[in-house]
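A short worksheet on the structure shown next.
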Amino acid sequence: MTRDQVGEELPNLAESKLTALVVDDSFVNQTIHQKLLNRLGIKNDVVTNGKEAVDVYCSGGNYDLILMDMDMPIMNGIQATKRLREMGIESKIAGVTTRANEGEKKEFMEAGLNDFQEKPLTISKLLSILHKLNFYVQT
Amino acid sequence: MNTTVVAQLQRQFQDYIVSLYQQGFLDSQFSELRKLQDEGSPDFVSEVVSLFFDDCSKLINTMSRSLEQPDNVDFKQLDSGVHQLKGSSSSVGARRVKNVCISFKECCDVQNREGCLRCLQQVDYEYKMLKTKLQDLFNLEQQILQAGGTIPQVDIN
């Protein structure tokens, strides 16, 4: 476990060798999401839209977890999720978006998500994703 | 280390950051960012807010251009810009900026150009105000560190 600045113990998942891909066109969100993953010991990369995420997988890349934004230029999160599932990609995909009305959430989930969290992401929301997707068991 | 000076600066810092939350400039997401700052990335918060202010400047310029021609406003593009700004303001805890974006979106939805212009002016004002406030906060942090002290954790709940 590691301690963050306020003394809360955070799990260190470095030993589990989890990897994650951040898919978001916002530099602000990229920076925050990468920092959250780093704090939990999860190695990660970042791309700026859905097409780049698909290209990474087409080039042989693979990640345990994808944090997928919804609104992105060129290829959005819904299109990218559908495409990845069509390709047979079984990585866990968590949609993270500020769009939270039921219709938009349903459309995103139906594209092939394993989980959904409303932005902004926090440590506790990320832990919730990891717990739901069985990457982390609270002790 | 002059402990009296450090204590005074720390008190000043605490009072100032609490006032920023109380006056609605910041919300709990800013606290979340502060929790992520550590020895490995001591400037994490200032780096993220700097990216946010870059976003504000770029998006406000783009949206201003969208609103220039009264008979030719691209409300779809405008809505996209407002959505992006709302997203990044939410991510850094810039509460007032986020709230203006909510009103801005409502004006876009009904294609109210005058309302959009007012919101644009307001969002420009709010982000610049926040930028000044946070610069003062970061300056206080530096003063504390230079005096040999540590930055206080502040529980705003």
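Glycine too: its Cβ is placed from the backbone N, Cα and C atoms.
Taken from TrEMBL, the feature domain 'HPt' applies to B:41-148. Per TrEMBL, the feature phosphohistidine maps to B:HIS83.
For B:HIS83 (phosphohistidine), applying a Cβ distance below 8 Å and a minimum sequence separation of six or more within one chain yields B:LYS105. DSSP states for the domain 'HPt' (B:41-148), grouped as helix (H, G, I), strand (E, B) and coil, give 90 helix, 2 strand, 16 coil.
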